Amino acid sequence: MINVFPVRAFRDNYIWIVHNQQFALIIDPGDATPVLTWLRQQKLQPIAILCTHHHHDHTGGISLLVQKFEIPVYGPASEKIPGMTHPLAEGDTLVFPELSLELSILDVPGHTAGHIACHGQNRLFCGDTLFACGCGRIFEGNAQQMFDSLQKLTDLPDETQVYCAHEYTLDNIRFARAIDPDNPELIELESNVEEKREQNMPTLPSSLAAEKATNPFLRCNQPAIIQSASRYAGRQLTDPVSVFAAIRDWKNNFRGNTDLPM
């Protein structure tokens, strides 16, 4: 049996450790220090590093970890990942016998040009593509790419557990409620998340079913989202990609409920 543990780093990063009683897979190690501390405390042997994209807060700890453990580094083939030994692209499958774990690789460009996600055993490690109630900023791709990447993730089973790389949930919910204020599942989620954050507990993993019900970026064909996006854009939007682009731009500039278009 494997477990997934969130090692916290920086202000709001989660470095996910997939492990059993002996071995560990390290996902997106932006900082080696908290990872080393946790591995030592748990007496675990790391077997590999897996990175979803090249941003430093996901890769900054690789060099020290590789220096200490001499383990392989997996990452997107089209991005410069420090020390990468195994470049990956959609269609590749990773097998870690020590963990009885198999992961399928998906290309999910948008946040970065070569961003990948990994799915296996009803777990999705999606880096900065999909967040709980949100999605990543579009730095290197375009709205169409990001929309397509998110739609690809929605094709996974509803019971999939979503392990994103940042604790953005509460801020994302506040934006989602500005767009979709009457969504009862969103209102309930906000209450549950506020309670967890008051106790300094992670709000992750989410589930794909929950995201489909509450995440505006996955619901761009829904009337409430279309209406709010059109009000923000100042014109009637008729296709989901335009709706997505509008609410992504809105989120980039969102400062609170006072931003709700009149």
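Backbone N, Cα and C atoms are what each Cβ position is placed from, and that goes for glycine too.
There are 20 other CB atoms within 10 A of the CB of His55 (Zn(2+) 1 binding site), with all protein chains counted. In the three-state DSSP classification, His55 (Zn(2+) 1 binding site) falls within coil. The Zn(2+) 1 binding site annotation in Swiss-Prot covers His53, His55, His111, Asp128, and the record cites sequence analysis as its basis.
Swiss-Prot lists Asp57, His58, Asp128, His166 with the feature Zn(2+) 2 binding site, giving sequence analysis as the kind of evidence.
Sitting within 8 Å of the Cβ centre of His53, His55, His111, Asp128, and not among those site residues for Zn(2+) 1, are the Cβ atoms of Thr52, His54, His58, Thr112, His115, Gly127, Thr129, Gly136, Phe139, Ala165.
A count of other CB atoms within 10 A of each Cβ picks out His58 as the most crowded of the binding-site residues His58, His166. Cβ neighbour count for His53 (Zn(2+) 1 binding site): 27 (other Cβ atoms within 10 Å of its Cβ, all protein chains included). Within 8 A of the CB centroid of the Zn(2+) 2 site residues Asp57, His58, Asp128, His166, the other residues of that chain are Asn13, Asp28, Gly30, His53, His55, Gly127, Ala165.
The CA atom of His111 (Zn(2+) 1 binding site) is located 14 Å away from the CA atom of Asp57 (Zn(2+) 2 binding site).
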